[in-house]
Amino acid sequence: MGGVLYNSSGLPTFTLTGLPGLENSQHWLFLLLGTLYIVSIVGNALILFIVKEEQSLHQPMYYFLSLLSVNDLGVSFSTLPTVLATFCFHLRKISFDSCMAQMFFIHFFSFMESGVLLVMSFDRYVAICNPLHYTTTLRDSRVVCMSLGVVTRSFCVVFPLPLLLKRLSFCKANVLSHAYCLHPDLIHLPCGDITINNIFGLFIVISTFGLDSALILFSYVLILSSVFAIASREERLKTLNTCVSHLCTVIIFYIPMVGVSMTARYGRHVPRFVHTVLSLIYLFVPPMLNPVIYSIKTKEIRRRLGRMLVGNKF
């Protein structure tokens, strides 16, 4: 069947790829990616540890930050096995079921991150526009419900993707564009009618990324209108400064995501390495930079890190 490899269950296997044209430099690439993994995993683990240990951080903003760190760890561990296999051990074959599982977790954590950024923007909106009711609006039970809502929504929108792909027949050379399985990559491989897959894929992108980004933008419009009503320039800057970390996190998540989506849908003639580089930025940069941003901008986290570095107290 046109060079397609099948396993004993009759399902196709897929071939992972590294960076096109840099096959002889794969070990150096893994060294770079390995460094990004280490920074991401250690950084997010430290954020979780500090929020747990530092009593002053036991408030909604940092509970959501902890959820973001858990999500970023999930992204890193979702891609790690196949990136390690591709770049370090040159093992490029992946079974259908393993590929579907990896695709599920990568997209689950991507949609979850979008939801976490949305609830974090709501936290900033309440803190700035309605500060007197902050503790009653964002009490612990409501924070838990919002977090569970984000997780549940992500699961519900991603769960059908592997099932919709499994019903299709694969008759092409199943070579993927990345060292991991992504739905926009996989959707071009089947020989059957993929109309339902395309419609559902577009629906979940609009109803998650599209809706979340619109609501985040709307929350910042309300925040800015409230901030500009403050008479003191110093107070305005001080208030806006509490949003800088979240704004940076939103930017480094959504810009690469838009780039990946646009090239996947409209970049058929774009060189393959562009797709690969954009997906690497999308999956590696936010988990690495998020803990760095919050460590720099949060005084309590900086202080605790300083004490840990000098060996004073863990």
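Even glycines carry a Cβ here, placed using N, Cα and C.
Feature annotation from TrEMBL assigns domain 'G-protein coupled receptors family 1 profile' to 43-294.
If you look at the transmembrane segment (28-51), the same-chain residues 6 or more away from its ends with a CB under 8 A from one of its CBs are 18-19, 22, 57-58, 62-63, 65-66, 69-70, 72-73, 76-77, 80, 83-84, 87-88, 280, 284-285, 287-288, 290-292, 294-295, 300-301, 304-305, 308. The feature transmembrane segment is assigned by TrEMBL to 28-51 (among others).
Annotated transmembrane segment per TrEMBL: 63-84 (among others), in sequence order.
The annotation transmembrane segment is assigned in TrEMBL to 104-122 (among others).
Residues or ranges marked as transmembrane segment in TrEMBL: 143-165 (among others). Proximity of distant same-chain residues to the transmembrane segment (143-165), defined by a Cβ-Cβ separation under 8 Å and at least 6 residues beyond the stretch ends, is recorded for 60, 63-64, 67, 100-101, 103-104, 107-109, 111-112, 115-116, 118-119, 122, 183, 186-187, 190, 196-197, 200-201, 204, 207-208.
The transmembrane segment annotation in TrEMBL covers 199-231 (among others).
Residues 68, 110, 113-114, 117, 120-121, 124, 128, 184-185, 205, 209, 213, 216, 220, 223, 274-275, 278-279, 281-282, 285-286, 289-290, 293-294, 297-298 of the same chain, all 6+ positions outside the transmembrane segment (243-267), place their C-beta atoms under 8 angstroms from a C-beta of that stretch. The transmembrane segment annotation in TrEMBL covers 243-267 (among others).
The transmembrane segment annotation in TrEMBL covers 273-294 (among others).
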